[in-house]
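A.B. asks: So Swiss-Prot says this about it:
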type: BINDING; residues: Cys8, Cys11, Cys14, Cys47; note: [4Fe-4S] cluster 1 binding site
type: BINDING; residues: Cys18, Cys37, Cys40, Cys43; note: [4Fe-4S] cluster 2 binding site
type: DOMAIN; residues: 2-27; note: domain '4Fe-4S ferredoxin-type 1'
type: DOMAIN; residues: 28-55; note: domain '4Fe-4S ferredoxin-type 2'
Amino acid sequence: AHIITDECISCGACAAECPVEAIHEGTGKYEVDADTCIDCGACEAVCPTGAVKAE
């Protein structure tokens, strides 16, 4: 699964890109549902701050 670090600026690019809708808005940053995430890396590729990391 992927994780979203504190560099997240809540722009929503990752959530819009996720093909399985595993990313949702959390408190202060977006969060990845590890059970739904398919590790495709689409979110990591579009994050402007590099906040999305492979776990």
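Going from the start of the chain as shown, residues are counted 1 onward.
Cβ atoms are placed via backbone N, Cα and C, with glycine included.
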A.B. asks: Any same-chain residues 6+ apart from Cys11 ([4Fe-4S] cluster 1 binding site) with CB under 8 Å of its CB? Would you list them in sequence order, or say none?
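C.D. replies: Listed in sequence order: Pro48.
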A.B. asks: Note the Cβ centroid of Cys8, Cys11, Cys14, Cys47, the recorded [4Fe-4S] cluster 1 site, then list each other residue of that chain whose Cβ lies within 8 Å of it, in sequence.
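C.D. replies: For the [4Fe-4S] cluster 1 site the neighbour list reads Ile4, Ile9, Ser10, Gly12, Ala13, Ala15, Tyr30, Cys43, Val46, Pro48, Thr49, Ala51, Val52.
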A.B. asks: Cys8 ([4Fe-4S] cluster 1 binding site) to Cys37 ([4Fe-4S] cluster 2 binding site): how many Å between their Cα atoms?
C.D. replies: 18
A.B. asks: Residue list, the domain '4Fe-4S ferredoxin-type 1' (2-27) vs rest of chain: Cβ under 8 Å, 6 or more residues beyond ends.
C.D. replies: 33-34, 36-55
A.B. asks: List the residues in the vicinity of the [4Fe-4S] cluster 2 site, defined as same-chain residues other than Cys18, Cys37, Cys40, Cys43 with C-beta within 8 angstroms of the site's C-beta centre.
C.D. replies: His2, Cys14, Glu17, Pro19, Val20, Ala22, Ile23, Val32, Ile38, Asp39, Gly41, Ala42, Glu44
A.B. asks: Between Cys8, Cys18, Cys40, Cys43, which of the binding-site residues has its C-beta surrounded by the fewest other C-beta atoms within 10 Å?
C.D. replies: Cys40
A.B. asks: Using C-alpha atoms only, work out the spacing between Cys40 ([4Fe-4S] cluster 2 binding site) and Cys14 ([4Fe-4S] cluster 1 binding site) and round it to an integer in Å.
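C.D. replies: With distance taken Cα to Cα, Cys14 ([4Fe-4S] cluster 1 binding site) is 12 Å from Cys40 ([4Fe-4S] cluster 2 binding site).
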A.B. asks: Non-local Cβ contacts of Cys37 ([4Fe-4S] cluster 2 binding site) (under 8 Å, 6 or more apart, same chain)?
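C.D. replies: Non-local contacts for Cys37 ([4Fe-4S] cluster 2 binding site): Ala1, His2, Val20, Ala22.
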A.B. asks: Could you count the residues of the domain '4Fe-4S ferredoxin-type 2' (28-55) that DSSP puts in helix, in strand and in coil?
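C.D. replies: Breakdown, helix to coil: 5 helix, 6 strand, 17 coil.
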A.B. asks: Cys14 ([4Fe-4S] cluster 1 binding site) to Cys43 ([4Fe-4S] cluster 2 binding site): how many Å between their Cα atoms?
C.D. replies: 4
A.B. asks: Work out how many Å separate Cys18 ([4Fe-4S] cluster 2 binding site) and Cys47 ([4Fe-4S] cluster 1 binding site) at their Cα atoms, rounded off.
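C.D. replies: Distance between the two Cα atoms comes out at 11 Å.
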A.B. asks: Indicate whether Cys14 ([4Fe-4S] cluster 1 binding site) is helix, strand or coil by DSSP.
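C.D. replies: Its secondary structure by DSSP: helix.
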